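S.K.: Pulled from Swiss-Prot, these are the listed features:
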ACT_SITE  119  active site, nucleophile
BINDING   47, 50, 96, 99  Zn(2+) binding site
DOMAIN    8-130  domain 'MsrB'
């Protein structure tokens, strides 16, 4: 996969302020505030920055955490997991494999079959409904 690289200024011009804060500056939207937290629409969730397909709605589940949760990304290299030691915690950050947008974090407390919970900010996603 070819990497998409832009300067922070280019991203700032392209994204709205909330998208820029979360995707490029590694922010987090408030829990239960995202438009996809309770969405049941079937489709594929794409990266808001580069349109790369990331997650399928068939892997989405209600974790109760306040952010859209998935038990697996799309097959292949849709996302990359990166060690995150910010805020005095040790976590695993999830970024888009194509453009390095911060998406959220992955935790080992999800349902079968993976046991993982990809906790993703809605503002980072664009849902393309299945036809």
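Glycine residues also receive a Cβ, built from the backbone N, Cα and C atoms like all the rest.
From a predicted model like this one, the values you see are computed outputs, not experimental measurements.
Could you tell me the structural context for the features on the list?
M.R.: A strand conformation is recorded for residue 119 (active site, nucleophile) in the three-state DSSP classification.
Listed in sequence order, the residues of the same chain lying 6 or more apart from residue 50 (Zn(2+) binding site) and placing their CB within less than 8 Å of its CB are 4, 96, 98, 99, 101.
Per-residue confidence over the domain 'MsrB' (8-130) averages out at a pLDDT of 95.
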S.K.: When a 10 Å sphere is centred on the Cβ of residue 47 (Zn(2+) binding site), how many other Cβ atoms does it contain?
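M.R.: Other Cβ atoms found within 10 Å: 25.
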S.K.: Which residues, same chain and not among 47, 50, 96, 99, have a CB within 8 angstroms of the centroid of the CB atoms at the recorded Zn(2+) site?
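M.R.: Counting only non-site residues, the set is 4, 48, 49, 51, 52, 54, 97, 98, 100, 101.
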S.K.: Non-local Cβ contacts of residue 119 (active site, nucleophile) (under 8 Å, 6 or more apart, same chain)?
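M.R.: Set apart from residue 119 (active site, nucleophile) by at least 6 residues yet with Cβ under 8 Å, we have 63, 65, 67, 68, 69, 104, 105, 106, 107.
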